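See structure below.
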Amino acid sequence: MEHKSKYPVSHVVGFLFSLVLTFVAVFVALKMNVSYTIVMWIIGSLAVIQAGLQLFMFMHVTEGEDGKTNVINMAYAVFVAIVIVAGSIWVLTSGHAAH
Amino acid sequence: MGIKWNEILVGGDPLLVGSQIAIVLTVVAIVVGLTYFKKWGWLWREWLTTVDHKKIGIMYIVSGVLMFFRGGIDGLLMKAQTARPEMNFLDAQHYNEIFTTHGVIMILFMAMPLLIGLMNVVVPLQIGARDVAFPQLNALSFWLFFSGAMLFNISFVVGGSPDAGWTSYFPLAGKEFSPGIGNNYYAIALQIAGLGTLMTGINFIVTILKMRAPGMTLMKMPMFTWTTLITSIIIVAAFPIFTVALALMTFDRLYGTHFFTLSSGGSDMLWANLFWLWAHPEVYIVILPAFGIFSEVIATFSRKTLYGYKSMVISIVGIAFLSMIVWVHHFYTMDAGPAVNSFFSITTMLIAVPTGVKIFNWLFTMRKGRIQFTTAMLWALAFVPNFVIGGVTGVMLAMAAADYQYHNTLFLVAHFHYVLIPGVVFAVFAGLYYWWPKMFGFMLNEKLGKYHFWLFTIGFNVTFMPMFFLGLKGAVRRAYTYSAESGFAPLFLVSAIGSIILAIGFAVFCYNIYWSFRYAKRNVSHDPWDARTLEWMTASPVQFYNFAVVPEVKQLDAFWHMKKRGETLTLKESDIKKIHMPSNSGLPFYMAVVFGITGFFLVFEAHIAAAVAAIGIVVGLIVRSFDYDDGYYVSVDEIKQTERTWRNVEGGTENHVG
């Protein structure tokens, strides 16, 4: 991101948004009187929103000479995320281990 | 807080009291020695504040050798305890602590720093760079690793060692079953060291992608550089998982959360799952650079270019990919069901394919080569058959159905020692003998090296081969003793004798370092092995700016072809330009100290003290943000002067000074 001034506006905004999203998640999880499934969906969505926000505010996703590097990085991140999240859920919820 | 401060020092056991006395005496000796020889300033300027990748590499290697000693002593104690049935040399608790620290230290504080040390010394030289991409971050990596390692190492005399195995499985590692502070050391010290490793991974990816000499395309990179690149990528993928898992463990142990506990909705197997999501790639993080070292050594001493370069690269990438999707094979017996276990059986067995490709490539590199039996080459030769034993037993273990029989036996222990010792330790020794002249300007003694090699290799086989058979007979791992009726006694005794031979081999290595440091010939050539890659193009030991003029690369094995084309190392005065270098900084060392203090307080659950110490970390970060030091320039005159000490700056040149 190009800055006219030296003051890192987008970083500060990104940081504040991240804090807000995190505290909303805490509030939803601890204070709101809704079912477990709904809480999971809300804080899951907030996490994805925050990840996207950080990509733009901190992770230079709009920078670079060509898009190639970013495509590789994204593919790598998606692969790692699927392995860790989907893999863990699959391993820990199937078969005898889950019961 | 529940910590009894007057019982902090672990006492009672004569072994421990002896160690405490030895530690105090060593510290006193170091302080007195440094003061007497007036070396404090030298230590600070040349080492503690350095950002030079070669010096950082050497510090990694020194730490790794020291940790090898510590981990080795742990191993010998275990072997002494199990040498005879129903021995009372160590009690069960002490034995638990020792196999835990042995595992953690050998993997994280021995194998990792020795390999990262060699990567630090060699990779920037192999790609014709003047340093890594982020020199000060590199220093921070080392100091955080060192801080974590020291914090972990004091555990056995201050507060008690972790005792839940290097895997630290829950629920055993939780507060409920391990109420002492020992396992806090595991959570905090590994966190600090892991931060350093993660930074190393990022640093080397950027260095290799951005700082190669002109003309060096990716497919012209030396194999060790390739393996370092792929290793760094696995580090960046895997270490954050461990960071998170350790943080959750810390919350569970220190702040009463329930991520991994049995009660209140925690999942103990989630720890095992996250741990191995990191720890299996971790095994490949230590094995891939080792493969790179063997590739360099075998090509150099077979006088041939590496066979099947492209298939080597594809194999490393394949191994890296597969390394992320095999983790469940460490806990088939959790019983995740047939689909999960079958999937992970197949991916695990698949790893044998790229690994097999690599083994055959090394054999074909040697085929019709003019092999020189140097010590470095001997390690590479011994690696092949020994590693294959480890690999084949690995495929046996990969079968989920069969694994139910092998699980938790000494068969498994023998298997991973057959993978990690030939795969990593032999590689480190090969690399040290090979690159020693580049680091220090003298060679390690070849004759002592061969004693070292034979004692170590024979000792290794005598120690671990019996453990395969003990395991098949049903001897379980992590048991501190066994009955005479079990019939295990003879093989355990053989194994114990082997460990002594192994230890003598390591002692010969240490003596070799001492002997060579004192007596070895000093005017060693810049290229004593007639080698192939760019690091041999510059002086031994390497000047702090690496290359007076950055070399131009035309093909693979660039330096070899330069020699074949008769290109001399003569330097034209007009080619010498001033060189930009990074300034030293005391900040990384400061960060290590504050991280260490914060970690220590956290281990003892002194939360307020830890919070106060953590302010020091934030201060360090702020100071770094306002650091506008852009480095300095080395003058042309200084470069000329330095280069004249080892080559002609104008006129003829000698390829072999030594």
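Glycine is no exception: its Cβ is also placed from the backbone N, Cα and C atoms.
The domain 'Cytochrome oxidase subunit I profile' feature in TrEMBL is assigned to B:36-554.
What TrEMBL lists as transmembrane segment is B:15-37 (among others).
The feature transmembrane segment is assigned by TrEMBL to B:58-78 (among others).
Per TrEMBL, the feature transmembrane segment maps to B:98-125 (among others).
Through the fold, the transmembrane segment (B:137-158) approaches residues 8-10, 16, 19-20, 23, 49-51, 53, 56, 59-60, 63, 67, 70, 97, 101, 104-105, 108-109, 112-113, 116, 120, 131, 182, 185-186, 188-197, 199-200, 202-203, 585, 587-589, 591-593, 595-596, 599-600, 603 of its own chain, all at least 6 residues removed from its boundaries and within a Cβ separation under 8 Å. Annotated transmembrane segment per TrEMBL: B:137-158 (among others), in sequence order.
Residues annotated as transmembrane segment in TrEMBL: B:185-209 (among others).
Under 8 Å from some Cβ of the transmembrane segment (B:229-251) lie the Cβ atoms of residues 119, 168, 170, 173, 184, 186-188, 190-191, 194-195, 197-198, 200-205, 208-209, 221, 257, 259-260, 271, 274-275, 277-279, 281-282, 284-285, 288-289, 316-317, 319-320, 323-324, 602, all in the same chain and six or more residues away from its ends. For B:229-251 (among others), the entry in TrEMBL reads transmembrane segment.
Residues or ranges marked as transmembrane segment by TrEMBL: B:313-332 (among others).
The list of residues near the transmembrane segment (B:344-364) in space but at least 6 beyond its ends in sequence, with Cβ under 8 angstroms from a Cβ of it, reads 291, 294-295, 298, 306-308, 311-312, 314-316, 318-319, 322-323, 325-329, 332, 380, 384, 387-388, 391, 394-395, 398-400. Summarising the annotation, TrEMBL assigns transmembrane segment to B:344-364 (among others).
Beyond the transmembrane segment (B:376-402), the same-chain residues lying 6 or more positions past its ends with a Cβ under 8 Å from any Cβ of the stretch are 294, 297-298, 301, 329, 332, 341-342, 344-345, 348-349, 352, 355-356, 359, 362-363, 411-412, 414-423, 426-427, 429-431, 433-434, 450, 453, 457, 460-461, 468. Residues or ranges marked as transmembrane segment by TrEMBL: B:376-402 (among others).
Cβ atoms under 8 Å from those of the transmembrane segment (B:414-436) belong to residues 61, 64, 106-107, 111, 114-115, 118, 121-122, 283, 286-287, 289-291, 293-294, 296-297, 300, 374-377, 379-380, 382-383, 386-387, 389-391, 393-394, 397, 442-444, 449, 452-453, 456-457, 460, 463-465, 467-468, 470-471, 509, 516, 529, 535 of the same chain, restricted to positions at least 6 beyond its ends. Under the heading transmembrane segment, TrEMBL lists B:414-436 (among others).
Marked as transmembrane segment by TrEMBL: B:448-471 (among others). Within its own chain, the transmembrane segment (B:448-471) has Cβ neighbours under 8 Å at 79, 375, 378-379, 382, 386, 393, 406, 409-415, 417-418, 421-422, 426, 429, 433, 488, 491-492, 494-495, 497-506, 508-509, 511-512, 515-516, counting only residues six or more beyond its boundaries.
Among the features that TrEMBL reports, transmembrane segment is placed at B:587-604 (among others).
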Exercise. Under a Cβ pair cut-off of under 8 Å, which of the recorded stretches B:15-37, B:58-78, B:98-125, B:185-209, B:313-332 contacts the transmembrane segment (B:587-604) most often?
Worked result: B:185-209
